[in-house]
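Quick look at what TrEMBL lists:
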type     : residues             : note
BINDING  : Glu70, Ile92, Asp267 : Mg(2+) 1 binding site
BINDING  : Asp90, Asp93         : Mg(2+) 2 binding site
COMPBIAS : 124-140              : compositional bias 'Low complexity'
REGION   : 118-152              : region 'Disordered'
Amino acid sequence: MTDLWQDAMDHAVSAARGAGQVVREALLEDRMVMVKSSSVDLVTQTDQKVEQLIIQSVKEKFPTHRFIGEESVAAGEPCVLSDEPTWIIDPIDGTTNFVHRFPFVAVSIGFSVNKQRAEPAGRASGPGQQRAGPAGPGQQLSRASGPSQRAGPAAEPLLAFLQVEFGVVYSCLEDKMFTARRGRGSFCNGDPLQVSEQKAIQQSIIATEFGSDRDPEVVDKIFSSLRNILCIPVHGIRSAGTAAINMCLVASGCVEAYYEIGMHVWDLAAASLIVSEAGGVLMDVEGGPFDLMSRRVIAANNRTIAERISGEIQAYAPARDDAAAPGADP
């Protein structure tokens, strides 16, 4: 059978590596820093340069493909997933890290085709309880029991993102290339990844971020959630400053879970597949299925830990990435 997307994935790996070289060189120079939505939501000329380099190289090879890029959306381009082949690009995930030379910066490239609609996010009726009714096509709880096993008729549909065909996250300063193909596993520099086997949240490390929203009500919810989880108690809380690297840490088994509200589809697309293909699970912070456009996620090594974190989070709903997009689903 012809592999339709391997050539595209090979190009994504090459583009990410080339972009990483640009990022490393830029770290040695003075950087012009600009702001987007607020004084703590930063962008640099390197973000814009890297995104254009990636998009231009893809257009030359795949002229009919579409794009969702962080800087393109900031400039007014629509943020819409469709059935067309779409490259979802974060040129520098961890821009604030980049500005301060904090050594966790990633290039993230996801590739989606044949969009799947998610069910509305919402908490399940109780810990461990499952919704009735069949799971939707392509909804998969985990690769832990084998890549070809799908959720059964009564299974909770935790993943609603399987329109992502491949994901590439390049941690530029570590020179770590994380990759995943749907149904074929996750890898770091060619070595297979597997999530942690830890079952007890009390013996887990949890990753999270504080985001760029400084509204006092939002900050109160963030710290309330942090306190709840820290006092379970867990072994510790970690923050790499980039959603993509945090999720790759889950896939690598270095941390048991990561949760956040407020990131974007370009932060999540590639890394969500890397987590799933490493045997992990994803869900919305209120326990429903993960939705790429919702700007909310729990990524965990198993469902039990994900549900416990969901029960401790003070949830809120930022504006969806596709909320203002022409033709977006209601």
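Placement of Cβ uses the backbone N, Cα and C atoms for every residue, glycine included.
Known features from TrEMBL, placed on the structure.
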residue : record                : Cβ contacts under 8 Å, 6 or more apart
Glu70   : Mg(2+) 1 binding site : Asp47, Glu51, Ile89, Asp90, Pro91, His264, Trp266
Ile92   : Mg(2+) 1 binding site : Val23, Thr44, Thr46, Asp47, Val50, Phe98, Val105, Ala106, Val107
Asp93   : Mg(2+) 2 binding site : Val105, Ala106, Val107, Ser108, Val169, Thr242, Ala243, Ala244, Ile245, Trp266, Asp267
**Asked** Beyond Glu70, Ile92, Asp267, what residues of that chain have CB atoms within 8 A of the centre of the Mg(2+) 1 site's CB atoms?
**Response** Asp47, Ile89, Asp90, Pro91, Asp93, Gly94, Thr95, Ser108, Ala244, His264, Trp266
**Request:** Select one residue from Asp90, Asp267: among these binding-site residues, choose the one with the most other Cβ atoms within 10 Å of its Cβ.
**Result:** Asp90
**Prompt:** In DSSP terms, helix, strand or coil for Ile92 (Mg(2+) 1 binding site)?
**Reply:** strand
